[in-house]
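Features as listed in Swiss-Prot:
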type: BINDING; residues: Ser10, Phe11, His18, Arg88, Gly89, Glu99, Tyr124, Ser125, Phe126, Leu127, Ser128, Ser129, Ser130; note: ATP binding site
type: BINDING; residues: Ser10, Lys42, Leu74, Arg88; note: substrate binding site
type: SITE; residues: His18; note: site 'Transition state stabilizer'
Amino acid sequence: MASIAVCPGSFDPVTYGHLDIIKRGAHIFEQVYVCVLNNSSKKPLFSVEERCELLREVTKDIPNITVETSQGLLIDYAKRKNAKAILRGLRAVSDFEYEMQGTSVNRVLDESIETFFMMTNNQYSFLSSSIVKEVARYNGSVSEFVPPEVELALQQKFRQG
């Protein structure tokens with residue numbers, strides 16, 4: 001049986017921190033489904049379709065990555081994909097506290113799917129999509145935080161607004 005993982009997130013936008021976790025997950029698992037989700041507590045800058053397209057562009061050279069979106073519960077998506085793992089990135093203790101809640105719920109819903117926490121590399125420990133959007137909104141350079149395709153998309157988005 002293939003080792004399949006789901007790497008979920010809102011990815012609004014995808015950052016080098018996200019890519020760090022995705023790429024490292026791709027070295028561990030035979031197949032990684034990157035699942036773009038809507039976070040109901042956030043107002044996204046990019047549509048789900050735009051986020052999927054950006055992710056596909058920046059992961060196109062990784063053959064065992066598939067980018068999709070899903071509505072509903074993450075655990076149901078993982079079951080549909082026959083995934084045995086959910087891959088989550090952590091930057092700090094505060095991330096762990098937040099992620100533990102979701103993991104605990106997922107364990108109640110289906111205890112056969114494990115959650116793997118991966119610490120991001122230190123150079124990305126401060127990085128978040130919110131910070132990237134804030135810097136880009138005020139015309140700051142985000143080239144150290146996101147791939148060039150994402151930087152261009154941010155510039156275009158804020159020029160429109």
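Using N, Cα and C of the backbone, Cβ positions are placed for all residues, glycine too.
Owing to the predicted nature of the structure, the values given are computational and were not obtained by experimental measurement.
Taking only the Cα positions, the spacing between Arg88 (substrate binding site) and Tyr124 (ATP binding site) is 14 angstrom. Of the residues the record lists as binding substrate, namely Ser10, Lys42, Leu74, Arg88, the two whose Cα atoms sit farthest apart are 19 Å from each other. Around the Cβ of Phe126 (ATP binding site), the same chain contributes Arg91, each under 8 angstroms and 6 or more positions distant in sequence. The two recorded residues, Lys42 (substrate binding site) and Ser10 (ATP binding site), have Cα atoms 9 Å apart.
Other C-beta atoms found within 10 angstroms of the C-beta of His18 (ATP binding site) number 26, with every protein chain shown included. Taking the C-alpha atom of Leu74 (substrate binding site) as reference, the shortest distance to any of the binding-site residues Ser10, His18, Tyr124, Ser128, Ser130 belongs to Ser10. Under the three-state DSSP scheme, Ser128 (ATP binding site) falls in the coil class. Each of the binding-site residues Ser10, Ser128 was scored by the number of other CB atoms within 10 A of its CB, and the lowest score belongs to Ser128. Other Cβ atoms within 10 Å of the Cβ of Leu74 (substrate binding site), summed over all protein chains shown, number 19. In the structure shown, across all protein chains, Arg88 is the one of the binding-site residues Lys42, Arg88 with the greatest number of other Cβ atoms within 10 Å. Non-local contacts of Gly89 (ATP binding site) by the CB criterion (under 8 A, 6+ apart in sequence, same chain) comprise Gly17, His18, Asp20, Ile21, Asp95, Phe117, Met118, Met119, Thr120.
Annotation note: Gly89 (ATP binding site) sits in a strand segment as assigned by DSSP. Secondary structure at Ser10 (ATP binding site), taken from DSSP and collapsed to helix, strand or coil, is coil.
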